[in-house]
C-alpha cells in the first residue's frame, strides 16, 4: 500500500525519546537498525489507523519512578520526490500529542539530510 504525506516540523521530543537507551535498544530489536536520535514527522490528509497493518507492539518501562509508555512500530519504506528511498519505521507511542494524521518515522540515519527533505515536501510511504 502507498500513502502520501507532507513533511512537517515536530514537537522536538523525538530526539529525547529515541535517545533513551531502553527505547533505542527496543527499536533496534524490532526494526533491525539502530535509530537516529530523532523522528521525521509526516502529515497525512486522513487519519491513519496503524492497527490495520499488524504493527509490532512494545511495552513501556520505568526509570527512577518515571513511567515511559509503550507503543507500536510498523516497518515501511520512505521515498522522496526524486525516488530515493530508505527502510524505516512508523512509531506510534501510546501517549502522544500528535493527531492520527501525523506519523512519526524513525530510521538509521537523519531522514531530512539523507533524503534532502524540508517542510511541505511530499513523501511516499510504502507499507
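From the backbone N, Cα and C atoms, a Cβ is placed for every residue, glycine too.
Residue 12 (CDP binding site) falls within neither a helix nor a strand when secondary structure is assigned with DSSP, and so counts as coil. Within 10 Å of the Cβ of residue 12 (CDP binding site) there are 8 other Cβ atoms, across all protein chains. Annotated CDP binding site per Swiss-Prot: 10, 11, 12, 13, 14, 15, 109, 110, 111, 112, in sequence order.
Feature annotation from Swiss-Prot assigns Mg(2+) binding site to 39, 41. Under the DSSP three-state reduction, residue 39 (Mg(2+) binding site) is assigned to coil, being neither helix nor strand. When Cβ atoms from all protein chains are considered, those within 10 Å of residue 39 (Mg(2+) binding site) total 24, not counting its own.
As annotated by Swiss-Prot, FMN binding site applies to 96, 104. A strand conformation is recorded for residue 104 (FMN binding site) in the three-state DSSP classification.
Sequence-distant contacts of residue 14 (CDP binding site), defined as residues of its own chain at least six apart whose C-beta falls under 8 angstroms from its C-beta, comprise 38, 39, 41, 104, 106. Sorting the binding-site residues 109, 111 by the number of other Cβ atoms within 10 Å puts 111 first. Sequence-distant neighbours of residue 10 (CDP binding site) (same chain, 6+ apart, CB under 8 A from its CB) are 39, 40, 41, 104.
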